[in-house]
Structures are given as structure tokens and as C-alpha cells.
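These features come from Swiss-Prot:
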- Met1: N-acetylmethionine (MOD_RES)
- Val2: N-acetylvaline (MOD_RES)
- 7-163: domain 'PPIase cyclophilin-type' (DOMAIN)
- Lys28: N6-acetyllysine (MOD_RES)
- Lys28: ubiquitin cross-link (CROSSLNK)
- Lys28: SUMO2 cross-link (CROSSLNK)
- Lys44: N6-acetyllysine (MOD_RES)
- Cys62-Cys161: disulfide bond (DISULFID)
- Lys76: N6-acetyllysine (MOD_RES)
- Ser77: phosphoserine (MOD_RES)
- Lys82: N6-acetyllysine (MOD_RES)
- Lys82: SUMO2 cross-link (CROSSLNK)
- Thr93: phosphothreonine (MOD_RES)
- Asn108: N-linked glycosylation site (CARBOHYD)
- Lys125: N6-acetyllysine (MOD_RES)
- Lys131: N6-acetyllysine (MOD_RES)
- Lys133: N6-acetyllysine (MOD_RES)
Amino acid sequence: MVNPTVFFDIAVDGEPLGRVSFELFADKVPKTAENFRALSTGEKGFGYKGSCFHRIIPGFMCQGGDFTRHNGTGGKSIYGEKFDDENFILKHTGPGILSMANAGPNTNGSQFFICTAKTEWLDGKHVVFGKVKEGMNIVEAMERFGSRNGKTSKKITIADCGQI
């Protein structure tokens, strides 16, 4: 089985920035990967298209996926509002790692983050389910609009997304 690839076309205040593609590790975390894949295609009638990265901390990560409230308090999975941590096989080994944001154990919804550094203190707490395949330079460009408290200086959105 080949792991799926999805893409995000990123915009800054409505202006195109570029494309980021992700390999989703369906071979290790099938349920978590399928959630992200389906939210990227929008095939369930809801998903990431048009949503923003509400929290960007340079040298740490870019967080998005709250397509219901757009501020980090919302979002939902394809399995219902929340789903359990699938496993912690994969680790936060460095830049480009794609992992689930949560509010504690077994609270996965749709929020995710892209690491821009090694974040080993998150191992065993957040489910890693993918990695940047192409476009890490776009993620690095997104970082420039972040701040230490995570507030972004411009609106960073997923203008389009889907499966390749």
C-alpha cells in the first residue's frame, strides 16, 4: 500500500504563497491519516479548505485545522467531534513532522501542527501521522508571519487543498 499524499495551497492575506505537500503515514496510523486525508479533500462536506493557521511560533511549529471557530477552540474529526490517540510509534524528530494538536489524551479532532524544529517533548503526547514531502520552504516562509505568543501578523490560509 502506498501512503497517500495531500497538498495545501497556502495564501498570505489572500495572496498565493505556494504549495506544501504531505505524505500521510497510513501504514502506521491509518485512522489518523484517513482523518487528515478526508479533511483535506473535503469529501465529507467539511474540512480544511479556507481555514487558517491560527498559531505560528517561529522555531517551533505552525498550527491550523480549526475550520469551525478559526481560533484554536474548534474543529472536528470525520469520526465525530473527537477521537482517541491511535498510537505513539512515530516521533517528533525534526522540521516537517506533521502531528495532531489536542487538549489532552484522546482529544484529537481536526487541529494539527507542522513542526519547524525537533520537538521530542511532544513524543507520547501528540500523534505523529505525516511529514512534509515538498514545500518545506513554504512552511519556513509561513513562520515569518508568526510570533513568540503564536499570533500571526497576516492571515495565513489554506486557499485550496486535496489529494494528489
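Cβ atoms are placed via backbone N, Cα and C, with glycine included.
Since this is a predicted model, take the numbers as computed values, not measurements.
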*Would you mind sorting out which of Asn108, Lys131, Cys161 (the recorded positions) have a C-alpha within 10 A of the one on Ser77 (phosphoserine)?*
Asn108
*In whole Å, note down how far the CA of Val2 (N-acetylvaline) lies from the CA of Lys133 (N6-acetyllysine).*
14
*Could you tally the C-beta atoms, other than its own, that fall within 10 angstroms of the C-beta of Lys44 (N6-acetyllysine)?*
12
*Roughly how many angstrom lie between the C-alpha atoms of Cys161 (disulfide bond) and Lys44 (N6-acetyllysine)?*
14
_Listed recorded positions (Ser77, Thr93, Asn108), ranked by Cβ neighbours within 10 Å, top entry_ = Asn108
_Cα within 10 Å of Lys76 (N6-acetyllysine) - qualifying recorded positions among Val2, Lys28, Lys44, Cys62, Thr93_ = none
